[in-house]
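Visitor: Per TrEMBL, transmembrane segment is recorded for 24-50, 59-81, 101-119, 139-161, 196-224, 236-260, 272-291. The annotation domain 'G-protein coupled receptors family 1 profile' is assigned in TrEMBL to 40-289.
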Amino acid sequence: MGANMTSITEFTLLGFPLALRIQMLLFGIFSLFYAFTLLGNGLILGLIWLDSRLHTPMYFFLSHLAIVDIAYACNTVPQMLINLLKPDQPISFAGCMTQTFLFLTFAVTECLLLVVMSYDRYVAICHPLRYPVIMSWRVCIMLVVTSWTFGVLLSLIHLILLLPLPFCRSQKINHFFCEIMAVLKLVCADTHINEIVVLAGAISVLVGPFSSIVISYMCILCAILRIQSGESQRKAFSTCSSHLCVVGLFYGTAIIMYVGPRYGNPKEQKKYLLLFHSLFNPMLNPLIYSLRNSEVKNALKRVLGAHLGGSKTPLQACSNKPHWDSVFLLRLPGLLPASITCSLRHLHILSRCLEPADFSGSFLPPSAATQGGPEYSGEKLKYRGECRELLHRHTHSASF
């Protein structure tokens, strides 16, 4: 066996052994999908950044999911496109190990981010009154940092176990990128420990988190079914359905590849399944969130409308300013009567506009302080009094 071992400096990715015309066709299709992935996830990031109404925990987590999807695609797709044009183009040993490490990091991080997003939905629907306390900025940042940290550490363990292994003279990896199981097949030593660690890691970040997501959505379903209003139920289902679609696509393909039967599926089928996992999933995620989520579609309309023209009234300017307290108010429409929700939201907005000094003037633009005059301020004061009276009446007659 010693004669077959050598110091490896590069690998050759076999990719898809197809006819030249088919490879050129795949190059065009995959390039188009890659562009859609970057544009779609970039659009999601831009909308969340520009629209203050999306400055909530749900979209904070979604922005990190978009970042992961962009990095996920950029790690594997460019090398795959190069191999379609030049099948014999090698990849360096360092480049291959880096690609393996980054793929595992982004995959594990996305698994954990999906769990965090399901927890956010659970708190928002099952515990709406405690939502702003439980999902504070500190908690949200801690959850995201934990997801990224765990992804890096787990991937680092796999890399540390892989680097000391001796490789055989065969430098051809039967895959379109340096997937860890495909790389391990070139090792001229016992890889039993590595395979056990890969399986244990897959179970810890796939089966366990997926089970917690299922439990969370069972509780969410029970809470939704208790809502009497049919419109409110549809809103709640719409909020969660997009996340469920993403969870199903991601976890379904990942569990089949890494936790499913080792010898039940041909290797080529798992290769194409991983292609769907690494290329199509990142492209479909922004489409799912934009097509099934009314808040994202409305945010796109507002951003386009703001850039195409149109001035805002002082009340609109105040209502669009970000504040963490408004996170709770944005969750109320599907859970409380419309009259209470309307009163709470308008009272919140008006109090921000009328009392800027309490918040260092950060929520009232200078132009809003001079527009409208005393008549406008009088209207707001009168309306706020009506809102308070209505809210007081409902809080004493309804239990929430």
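Cβ atoms here come from the backbone N, Cα and C positions, even for glycine.
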Visitor: When you check the transmembrane segment (236-260) against the transmembrane segment (101-119), do you get at least 3 Cβ pairs under 8 Å, counting only pairs 6 or more apart in sequence?
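Guide: The answer is yes, given that the two segments have at least 3 Cβ pairs within the 8 Å cut-off.
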Visitor: Below 8 angstroms Cβ to Cβ, which residues of this chain, lying six or more residues outside the transmembrane segment (272-291), approach it?
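Guide: Residues packing against the transmembrane segment (272-291) from afar: 30, 33-34, 36-37, 40-41, 43-44, 62, 65-66, 69-70, 72-73, 76-77, 80, 103, 175-177, 179, 242, 245-246, 249-250, 253-254, 256-257, 297, 300.
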Visitor: Grab the pLDDT values for the domain 'G-protein coupled receptors family 1 profile' (40-289) and give me their mean, rounded.
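Guide: Across the residues of the domain 'G-protein coupled receptors family 1 profile' (40-289) the model's pLDDT averages 86 on the 0 to 100 scale.
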